[in-house]
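Student: Here you go, one structure.
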Amino acid sequence: MASTGFFDRFGVPRLGIPRFGSLSLSSLGDRVALRPPVSPHPLVGIGAVLLGAFIVTLGGRVTTFGLNDLRGAIHAGVDEGAWITTANTVGQMLMCAPTVWLGNVLGPRRVLLAATFVLMLSSLLLPAATTLQGVLIMQFISGVAMGTFLPLTISFVVRNLPPRYLIYGIAAYAMNLELSTNISASLEGFYLDHWSWKWIFWQNAVLAVLMWVAVYIGIPRRPVDRDAARGVERFGMIYFSLAFSLFYAALDQGNRLDWLNDGLICGLLLAGGLMLLAFILQEMICKTPWLDLRIFVRSNLGLLVIMLFFLRFSILSTSYIIPQYLTTVQGYRALQVGDVLLLIALPQLLLAPLIGTALRIVDPRTTIALGFTLIGYACFSVSSSLTVEWGSDDFMPSQITQALGQSLALTSIVAYNLRLLRPQDALTFGTIIQSARLFGGEAGTSFIQTYVRVREQVHSHLLGLHVTGESGVTFERLAQYEALVRGYSAGTVDAAKRALLLLAHAVQAQSYVLAYIDGFVVIGFGTIICLGIVLFLRHAPAPR
């Protein structure tokens, strides 16, 4: 005889209180994958994908370039202002997991419409903030809104685009990430020179309006899934979000605070580690885990995440090392650096449809390998010839080659995985891609910043060992410098001081060049690792 509970015994009706842990990401995906609505305006939907990727990448990059002007406007110091970019990207990382749940419950269209509206308001209000606290709050809110864009737009590409548009949606997404990374410096320099630093944020408000319209027209409406709202396994989602948000904050501030020598970084890493451990344990003991880890086995996603990490790492050679070289060694301003990166970005506008067409007939593993080969060639070619005499034009051939390689590799990585992906795993895939993009990019940035800083110190010390008072070469160089500045000096003593400063600057510039060469070499070896990973990728069926 079946046992009866208290409510059954006295005839009290049950209220249907939801159980934690009753639905996973894949089971949620099964609900919406049965009959996914096809977009009535697929090209407008692709426009929403483009704008989403553009806003997310451009927002973080432009804020990084314009940080000095923003700090000055709110009278914040270097250490205080360093948290401005962190607040935005931590907000994005925090939303990676909840976005999947919200997208399944409310539908991507409703979530994106609300998020773009929130981004528009926060971007309009942020320049009016007069305190650091106000800026940090607005930046975090903007990051939370941006954090919904990529997972949901990727899921739209997978589930709602007609098959003939699918590969072009992926190519547009990949191309746009590359384009917005390289175009941001030029925009920031233009705003500072011609308009105002406030446009660094107001541009997001303008783009948010355009994206709202594109989402409203191009992404189909879907009924609210109330069962999904009641049955999601929340604890795994919370642990995942907190773990990687804490790790991200530690990585973003680690180079500035000297890593494990600072208590805050140790605390962030420890807290993140505990949250990650709690997440793993929760997924192991829960009957219906929030994240279906079997997707890593079914679709080679683990290997592809590693390649995506190294791809984001390789992008740093364009987005970090080259601007740093032009700024520290050649004395370029932001707008001049932006002009260089803009010339690299423009060819990518033509690559998206070409790569999309090629992937319809070529095995993605071939184009992945070709992409990383081009990236590695570009990095090693620069590392073998970079000198203090290099200007912006000298970078053009190698960086156009790298731009082609990056576009090929990123588009092919996403396209390859989608060939093995089930429709119900689309939101899971979007979350993993967004997390890998943010976390991998930040880990790469933190590593390369620390690596270049340490290598510059090493090279400066080693070069300094040869610049001594007993060296005839040193005296000869000082005499040359003194002859150059004698006409601009108050006397012999002043000319000697100026000559010493010029020699010190030359040593510093050379040490920076050697450090940047080391950075290119490390990135080049990263591409070799990716070429090795390609050998382990299994064949993916061609799209129908």
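Our numbering is plain: 1 for the first residue shown, then up by one each step along the chain.
Just so you know, glycine gets a Cβ as well, placed from its N, Cα and C.
Remember, it's a predicted structure, so these values are computed and weren't measured experimentally.
Take a look at what TrEMBL says about it:
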- 45-544: domain 'Major facilitator superfamily (MFS) profile' (DOMAIN)
- 43-62: transmembrane segment (TRANSMEM)
- 111-130: transmembrane segment (TRANSMEM)
- 136-158: transmembrane segment (TRANSMEM)
- 165-187: transmembrane segment (TRANSMEM)
- 199-219: transmembrane segment (TRANSMEM)
- 231-251: transmembrane segment (TRANSMEM)
- 263-281: transmembrane segment (TRANSMEM)
- 301-322: transmembrane segment (TRANSMEM)
- 334-356: transmembrane segment (TRANSMEM)
- 368-388: transmembrane segment (TRANSMEM)
- 513-537: transmembrane segment (TRANSMEM)
Student: Can you work out whether the transmembrane segment (43-62) touches the transmembrane segment (263-281), with the criterion being 3+ CB pairs under 8 Å where the paired residues are 6 or more apart along the chain?
Tutor: no
Student: Ranking 111-130, 199-219, 368-388 by the number of C-beta pairs under 8 Å to the transmembrane segment (513-537), which range is first?
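Tutor: Looking only at 111-130, 199-219, 368-388, the most contacts with the transmembrane segment (513-537) come from 368-388.
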Student: Can you say which of 111-130, 136-158, 231-251 has the most Cβ pairs under 8 Å with the transmembrane segment (199-219)?
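Tutor: Looking at each of 111-130, 136-158, 231-251 in turn, the most contacts to the transmembrane segment (199-219) are made by 111-130.
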Student: Under 8 Å between C-beta atoms and at least six residues away from its ends: which parts of the chain pack against the transmembrane segment (368-388)?
Tutor: 307, 311, 314, 317, 325, 329, 395, 397-399, 401-402, 404-410, 412-413, 416, 506, 509-510, 513, 516-518, 520-521, 523-524, 527-528, 530-531, 534, 537
Student: List, by number or range, the same-chain residues at least 6 past the transmembrane segment (111-130) whose CB is under 8 A from its CB atoms?
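Tutor: Residues 48, 52, 55, 73-74, 99, 102-103, 137-139, 141-142, 144-146, 148-149, 152-153, 197-198, 201-205, 208-209, 211-212, 215-216, 219 contact the transmembrane segment (111-130) from elsewhere in the chain.
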